[in-house]
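Colleague: Below are the features I grabbed from Swiss-Prot:
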type: TRANSMEM; residues: 18-38; note: transmembrane segment
type: TRANSMEM; residues: 79-99; note: transmembrane segment
type: TRANSMEM; residues: 112-132; note: transmembrane segment
type: TRANSMEM; residues: 174-194; note: transmembrane segment
type: TRANSMEM; residues: 205-227; note: transmembrane segment
(Lines of atoms letter the chains of each structure in order from A and count residues from 1; the text may use other names and numbers.)
(Lines give C-alpha, C1' and ligand atoms only; values in the text may rest on other atoms or scores of the structure.)
Protein backbone atom coordinates (compact mmCIF):
# COMPACT_ATOMS: atom_id res chain seq x y z
CA UNK A 1 0.00 0.00 0.00
CA UNK A 2 3.04 2.27 0.12
CA UNK A 3 2.62 3.58 -3.41
CA UNK A 4 3.95 6.88 -4.66
CA UNK A 5 1.86 9.52 -6.40
CA UNK A 6 2.85 10.45 -9.98
CA UNK A 7 3.45 14.17 -9.66
CA UNK A 8 3.80 16.92 -12.24
CA UNK A 9 5.29 20.28 -11.29
CA UNK A 10 4.24 23.33 -13.28
CA UNK A 11 5.91 26.41 -11.87
CA UNK A 12 5.03 26.63 -8.20
CA UNK A 13 2.08 24.23 -8.62
CA UNK A 14 2.23 20.46 -8.15
CA UNK A 15 -0.38 18.20 -9.76
CA UNK A 16 -1.13 14.55 -9.06
CA UNK A 17 -1.32 13.10 -12.58
CA UNK A 18 -3.28 10.10 -11.35
CA UNK A 19 -5.93 12.29 -9.74
CA UNK A 20 -6.23 14.49 -12.83
CA UNK A 21 -6.56 11.42 -15.07
CA UNK A 22 -9.20 9.80 -12.86
CA UNK A 23 -11.22 13.02 -12.69
CA UNK A 24 -11.24 13.08 -16.49
CA UNK A 25 -12.29 9.42 -16.59
CA UNK A 26 -15.15 10.11 -14.16
CA UNK A 27 -16.26 13.14 -16.18
CA UNK A 28 -16.22 11.14 -19.43
CA UNK A 29 -18.27 8.32 -17.86
CA UNK A 30 -20.87 10.77 -16.54
CA UNK A 31 -21.05 12.47 -19.95
CA UNK A 32 -21.54 9.12 -21.70
CA UNK A 33 -24.28 8.09 -19.26
CA UNK A 34 -26.09 11.39 -19.83
CA UNK A 35 -25.61 11.22 -23.61
CA UNK A 36 -26.79 7.62 -23.97
CA UNK A 37 -29.77 8.28 -21.68
CA UNK A 38 -31.01 11.29 -23.64
CA UNK A 39 -30.07 10.63 -27.27
CA UNK A 40 -33.48 9.12 -28.18
CA UNK A 41 -36.11 10.44 -25.79
CA UNK A 42 -39.51 8.71 -25.64
CA UNK A 43 -42.83 9.57 -24.02
CA UNK A 44 -42.71 6.24 -22.21
CA UNK A 45 -39.14 6.03 -20.92
CA UNK A 46 -37.31 2.71 -20.88
CA UNK A 47 -33.79 1.59 -20.09
CA UNK A 48 -31.25 4.35 -19.61
CA UNK A 49 -33.81 7.13 -20.12
CA UNK A 50 -35.85 5.67 -17.27
CA UNK A 51 -32.71 5.59 -15.12
CA UNK A 52 -31.87 9.22 -15.90
CA UNK A 53 -35.41 10.40 -15.19
CA UNK A 54 -35.29 8.56 -11.86
CA UNK A 55 -32.10 10.43 -10.95
CA UNK A 56 -33.71 13.73 -11.96
CA UNK A 57 -36.77 13.04 -9.80
CA UNK A 58 -34.58 11.87 -6.92
CA UNK A 59 -32.54 15.08 -6.95
CA UNK A 60 -35.69 17.16 -7.37
CA UNK A 61 -37.09 15.61 -4.18
CA UNK A 62 -33.83 16.38 -2.36
CA UNK A 63 -34.14 20.03 -3.36
CA UNK A 64 -37.85 20.26 -2.50
CA UNK A 65 -37.17 18.83 0.96
CA UNK A 66 -34.92 21.82 1.68
CA UNK A 67 -36.50 24.77 -0.16
CA UNK A 68 -39.41 25.61 -2.43
CA UNK A 69 -38.99 24.55 -6.04
CA UNK A 70 -39.33 28.11 -7.35
CA UNK A 71 -36.10 28.96 -5.54
CA UNK A 72 -34.36 25.60 -5.72
CA UNK A 73 -35.14 24.67 -9.31
CA UNK A 74 -32.08 26.57 -10.48
CA UNK A 75 -29.90 24.07 -8.57
CA UNK A 76 -31.40 21.00 -10.24
CA UNK A 77 -28.62 20.56 -12.81
CA UNK A 78 -26.00 21.17 -10.12
CA UNK A 79 -27.50 18.43 -7.95
CA UNK A 80 -27.71 15.94 -10.82
CA UNK A 81 -24.12 16.63 -11.82
CA UNK A 82 -22.85 16.32 -8.26
CA UNK A 83 -24.60 13.07 -7.39
CA UNK A 84 -23.60 11.37 -10.65
CA UNK A 85 -20.01 12.61 -10.70
CA UNK A 86 -19.34 11.79 -7.04
CA UNK A 87 -21.00 8.35 -7.28
CA UNK A 88 -18.91 7.42 -10.33
CA UNK A 89 -15.75 8.82 -8.74
CA UNK A 90 -16.39 6.83 -5.55
CA UNK A 91 -16.74 3.56 -7.45
CA UNK A 92 -13.82 3.83 -9.87
CA UNK A 93 -11.23 2.46 -7.46
CA UNK A 94 -13.29 -0.47 -6.19
CA UNK A 95 -12.86 -3.12 -8.93
CA UNK A 96 -9.06 -2.82 -9.12
CA UNK A 97 -6.10 -0.48 -8.84
CA UNK A 98 -3.28 0.00 -11.33
CA UNK A 99 0.27 0.44 -10.07
CA UNK A 100 3.08 1.17 -12.53
CA UNK A 101 6.64 1.62 -11.33
CA UNK A 102 5.57 1.95 -7.68
CA UNK A 103 3.17 4.73 -8.70
CA UNK A 104 -0.59 4.38 -8.17
CA UNK A 105 -2.40 5.40 -11.35
CA UNK A 106 -5.93 3.96 -11.08
CA UNK A 107 -7.91 4.86 -7.96
CA UNK A 108 -11.03 6.68 -6.85
CA UNK A 109 -10.34 10.42 -7.28
CA UNK A 110 -12.46 11.11 -4.19
CA UNK A 111 -9.88 9.17 -2.15
CA UNK A 112 -7.73 12.30 -2.55
CA UNK A 113 -8.46 15.06 0.01
CA UNK A 114 -7.55 17.80 -2.48
CA UNK A 115 -10.44 16.69 -4.69
CA UNK A 116 -13.06 16.49 -1.96
CA UNK A 117 -11.96 19.75 -0.33
CA UNK A 118 -12.02 21.46 -3.74
CA UNK A 119 -15.59 20.25 -4.25
CA UNK A 120 -16.55 21.47 -0.78
CA UNK A 121 -14.92 24.85 -1.40
CA UNK A 122 -16.74 25.12 -4.72
CA UNK A 123 -20.05 24.59 -2.90
CA UNK A 124 -19.08 27.24 -0.34
CA UNK A 125 -18.30 29.78 -3.07
CA UNK A 126 -21.49 28.96 -5.00
CA UNK A 127 -23.66 29.28 -1.90
CA UNK A 128 -22.26 32.73 -1.13
CA UNK A 129 -22.55 33.77 -4.78
CA UNK A 130 -26.24 32.86 -4.96
CA UNK A 131 -26.84 34.34 -1.52
CA UNK A 132 -25.54 37.71 -2.71
CA UNK A 133 -27.26 37.40 -6.09
CA UNK A 134 -30.70 36.61 -4.70
CA UNK A 135 -30.71 38.69 -1.51
CA UNK A 136 -28.43 41.58 -2.39
CA UNK A 137 -25.05 42.34 -0.86
CA UNK A 138 -26.31 44.38 2.08
CA UNK A 139 -29.13 42.03 3.07
CA UNK A 140 -26.95 38.94 2.71
CA UNK A 141 -24.05 40.43 4.70
CA UNK A 142 -26.52 41.32 7.44
CA UNK A 143 -27.48 37.66 7.92
CA UNK A 144 -24.05 37.03 9.45
CA UNK A 145 -24.95 39.38 12.32
CA UNK A 146 -28.37 37.92 13.09
CA UNK A 147 -29.96 37.41 15.54
CA UNK A 148 -27.23 39.29 17.46
CA UNK A 149 -24.07 40.99 16.22
CA UNK A 150 -21.81 38.92 18.50
CA UNK A 151 -22.83 35.86 16.43
CA UNK A 152 -20.57 36.99 13.56
CA UNK A 153 -17.43 35.08 14.71
CA UNK A 154 -19.53 31.97 15.30
CA UNK A 155 -21.01 32.27 11.81
CA UNK A 156 -17.48 32.37 10.35
CA UNK A 157 -16.51 29.27 12.33
CA UNK A 158 -19.67 27.58 11.08
CA UNK A 159 -18.76 28.32 7.46
CA UNK A 160 -15.29 26.86 7.96
CA UNK A 161 -16.59 23.80 9.82
CA UNK A 162 -19.27 23.07 7.22
CA UNK A 163 -16.74 23.18 4.40
CA UNK A 164 -14.22 21.07 6.28
CA UNK A 165 -16.69 18.36 7.29
CA UNK A 166 -18.32 18.27 3.84
CA UNK A 167 -15.00 17.53 2.15
CA UNK A 168 -13.34 15.33 4.76
CA UNK A 169 -16.42 13.13 5.30
CA UNK A 170 -16.39 12.11 1.66
CA UNK A 171 -12.61 11.65 1.56
CA UNK A 172 -12.44 9.63 4.79
CA UNK A 173 -15.11 7.13 3.80
CA UNK A 174 -13.75 6.46 0.31
CA UNK A 175 -10.08 6.39 1.34
CA UNK A 176 -10.74 4.01 4.25
CA UNK A 177 -12.66 1.68 1.95
CA UNK A 178 -9.83 1.49 -0.57
CA UNK A 179 -7.23 0.94 2.15
CA UNK A 180 -9.13 -2.04 3.57
CA UNK A 181 -9.67 -3.51 0.10
CA UNK A 182 -5.93 -3.17 -0.54
CA UNK A 183 -5.11 -4.98 2.69
CA UNK A 184 -7.53 -7.79 1.86
CA UNK A 185 -6.07 -8.05 -1.66
CA UNK A 186 -2.59 -8.31 -0.16
CA UNK A 187 -3.78 -11.10 2.13
CA UNK A 188 -5.42 -12.92 -0.78
CA UNK A 189 -2.19 -12.84 -2.79
CA UNK A 190 -0.08 -14.17 0.08
CA UNK A 191 -0.93 -17.81 -0.62
CA UNK A 192 -3.71 -20.37 -0.74
CA UNK A 193 -4.60 -20.01 2.93
CA UNK A 194 -4.62 -16.23 2.69
CA UNK A 195 -6.77 -16.37 -0.44
CA UNK A 196 -9.37 -18.58 1.21
CA UNK A 197 -9.42 -16.39 4.30
CA UNK A 198 -9.69 -13.13 2.37
CA UNK A 199 -12.05 -13.91 -0.51
CA UNK A 200 -15.31 -13.80 1.48
CA UNK A 201 -14.46 -10.62 3.45
CA UNK A 202 -13.26 -8.98 0.22
CA UNK A 203 -16.51 -9.73 -1.61
CA UNK A 204 -18.55 -8.52 1.36
CA UNK A 205 -16.53 -5.32 1.66
CA UNK A 206 -16.78 -4.71 -2.10
CA UNK A 207 -20.55 -4.80 -1.82
CA UNK A 208 -20.54 -2.59 1.25
CA UNK A 209 -18.17 -0.12 -0.44
CA UNK A 210 -20.53 0.18 -3.41
CA UNK A 211 -23.33 1.00 -0.98
CA UNK A 212 -21.12 3.53 0.82
CA UNK A 213 -20.13 5.11 -2.50
CA UNK A 214 -23.75 5.83 -3.40
CA UNK A 215 -24.66 6.91 0.13
CA UNK A 216 -21.77 9.40 0.26
CA UNK A 217 -22.80 10.86 -3.10
CA UNK A 218 -26.32 11.29 -1.72
CA UNK A 219 -25.08 12.85 1.54
CA UNK A 220 -22.81 15.32 -0.29
CA UNK A 221 -25.66 16.37 -2.60
CA UNK A 222 -28.15 16.61 0.25
CA UNK A 223 -25.83 18.78 2.36
CA UNK A 224 -25.10 20.95 -0.67
CA UNK A 225 -28.81 21.70 -0.99
CA UNK A 226 -29.08 22.28 2.77
CA UNK A 227 -26.30 24.87 2.58
CA UNK A 228 -27.80 26.45 -0.54
CA UNK A 229 -31.21 26.71 1.13
CA UNK A 230 -29.62 28.30 4.18
CA UNK A 231 -28.15 31.04 1.97
CA UNK A 232 -30.94 31.75 -0.50
CA UNK A 233 -34.24 30.98 1.24
CA UNK A 234 -36.01 33.77 3.11
CA UNK A 235 -37.12 31.40 5.89
CA UNK A 236 -33.52 30.46 6.78
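Quick reminder: no glycine exception, Cβ is built from N, Cα and C everywhere.
Since the structure is predicted, the reported quantities are computational estimates derived from the model, not experimental observations.
For each listed feature, how buried is it and what is near it?
Modeller: Within its own chain, the transmembrane segment (18-38) is flanked in space by residues 5-6, 48-49, 51-52, 81, 84-85, 88-89, 92-93, 103-109, 112, 114-115, which lie at least six positions past its ends and keep a Cβ under 8 Å from the stretch.
Proximity of distant same-chain residues to the transmembrane segment (205-227), defined by a Cβ-Cβ separation under 8 Å and at least 6 residues beyond the stretch ends, is recorded for 59, 62-63, 65-67, 72, 75, 78-79, 82-84, 86-87, 90-91, 94, 110, 119, 123-124, 127, 162, 166, 169-170, 173-174, 177, 180-181, 184.
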Colleague: Give the nonlocal contacts of the transmembrane segment (112-132) in its own chain as ranges (CB under 8 Å, at least six residues past its ends).
Modeller: 16, 19, 23, 74, 78, 82, 86, 89, 140, 143, 159, 162-164, 166-168, 170-171, 175, 220, 224, 227-228, 230-232
